[in-house]
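Asks: Okay, here's the structure, questions in a sec.
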Amino acid sequence: MAGLFSSAVAPTERRKALRAALAAPEIARMPGAFSPLAARAIQEAGFEGVYVSGAVVAADLALPDIGLTTLTEVAHRSRQIARVTDLPVLVDADTGFGEPMSAARTVSELEDAGVAGCHLEDQVNPKRCGHLDGKEVVGTDIMVRRIAAAVNERRDEQFVICARTDAAGVEGIDSAIERAKAYADAGADMIFTEALYSPADFEKFRAAVDIPLLANMTEFGKTELLPAQLLEDIGYNAVIYPVTLLRIAMGQVEQALGDIANTGIQTDWVDRMQHRSRLYELLRYNEYNAFDQQVFTYSADSYKPIF
């Protein structure tokens, strides 16, 4: 479990854990955290990793996912999330916030944030949501330079660099596969196959590419929602649920606000709320209180560390 003010597991160890999860026969499941507290809940629920979605970072700022967020904003939220969990954190780094030199700087900043890895995509800059029409991709040569620059800048060899290709919806799946092979040759540790349609598409990609693959199970998009077990059986190594928790939370928020606006009282929602005691458990309130009591009653003669 994380320390009070930072994870008890060093960043390099969490990066090793992510690589081990990608090499395991079981698929690594990584829900998207819309806040540090959500990341802690993900860990307690028994998942293998935490995902930081660019769309969620943007939505939290009431912005659309069209490349408006900055590296500073994404790195800040990533650092906040990585601080509170012992799980590996994978971050959506969009296009790397520019061209190859910017992609290199992105990796440096995210390493400093303590996350386990990031993915860079082959859309033009600024990008748009991968499940919207009208997106464009850069040439394979440009994306290869992005990946190579990121790999070259990486200081910790355990840090995972994933290449996302959006080409399936633009140029077709065969082109996306050829791009994925080129990205792997450039040093990518994993391929994120965005906006595939059916199990057959996932199977075709798995048969053609021999490095770890990541599936995106996002709602209301172009991809059929598939069980983690089916993806594991196909041979995928990781699956993300990028906006799932935010959509659940905001759906409940809007319903509750509507009811309170109409009735003037929240009693119908009390049984559906997270109880105060459960919130305190997630916040580790008692551990902070014990720490505070130790400091408050501190004396040099009687001091006995409790951690």
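Keep in mind that glycine also has a Cβ here, set from the backbone N, Cα and C atoms.
Owing to the predicted nature of the structure, the values given are computational and were not obtained by experimental measurement.
According to Swiss-Prot:
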{"type": "BINDING", "residues": "S53, G54, A55, C129, G130, R164, E194, N216, M217, T218, R247, R276", "note": "substrate binding site"}
{"type": "BINDING", "residues": "D92, D94", "note": "Mg(2+) binding site"}
Asks: Does anything in the same chain, at least 6 positions from R247 (substrate binding site), have a Cβ under 8 Å from its Cβ, and if so what?
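Replies: Set apart from R247 (substrate binding site) by at least 6 residues yet with Cβ under 8 Å, we have E219.
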Asks: Between the Cα atoms of D92 (Mg(2+) binding site) and S53 (substrate binding site), find the distance and write it as a whole number of Å.
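Replies: If we compare the Cα positions of D92 (Mg(2+) binding site) and S53 (substrate binding site), the gap is 5 Å.
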Asks: Once the chains shown are all counted, how many other Cβ atoms turn up within 10 Å of the Cβ of A55 (substrate binding site)?
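Replies: Taking every protein chain into account, the count is 22.
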Asks: If you count Cβ atoms within 10 Å of each one, which of the binding-site residues D92, M217 comes out on top?
Replies: D92
Asks: Determine, to the nearest whole angstrom, how far the Cα atom of S53 (substrate binding site) is from the Cα atom of D94 (Mg(2+) binding site).
Replies: 9
Asks: Any idea what the Cα distance is from A55 (substrate binding site) over to D94 (Mg(2+) binding site), rounded to a whole Å?
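Replies: D94 (Mg(2+) binding site) has its Cα 9 Å from the Cα of A55 (substrate binding site).
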Asks: Return only the integer: C-alpha distance in Å from M217 (substrate binding site) to D94 (Mg(2+) binding site).
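Replies: So the alpha carbons of M217 (substrate binding site) and D94 (Mg(2+) binding site) sit roughly 17 Å from each other.
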Asks: Between E194 (substrate binding site) and D94 (Mg(2+) binding site), what is the CA-CA distance rounded to a whole number of Å?
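Replies: If we compare the Cα positions of E194 (substrate binding site) and D94 (Mg(2+) binding site), the gap is 12 Å.
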Asks: Taking DSSP as the reference, which of helix, strand or coil describes A55 (substrate binding site)?
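Replies: The residue in question, A55 (substrate binding site), is helix (DSSP, three-state).
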Asks: Taking the Cβ of S53 (substrate binding site) as centre, how many other Cβ atoms lie within 10 Å?
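Replies: So the Cβ neighbour count for S53 (substrate binding site) comes to 26.
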Asks: Look up D94 (Mg(2+) binding site) in the DSSP assignment and report helix, strand or coil.
Replies: coil
Asks: Taking the Cβ of E194 (substrate binding site) as centre, how many other Cβ atoms lie within 10 Å?
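Replies: Taking all protein chains shown, E194 (substrate binding site) has 27 Cβ neighbours within 10 Å.
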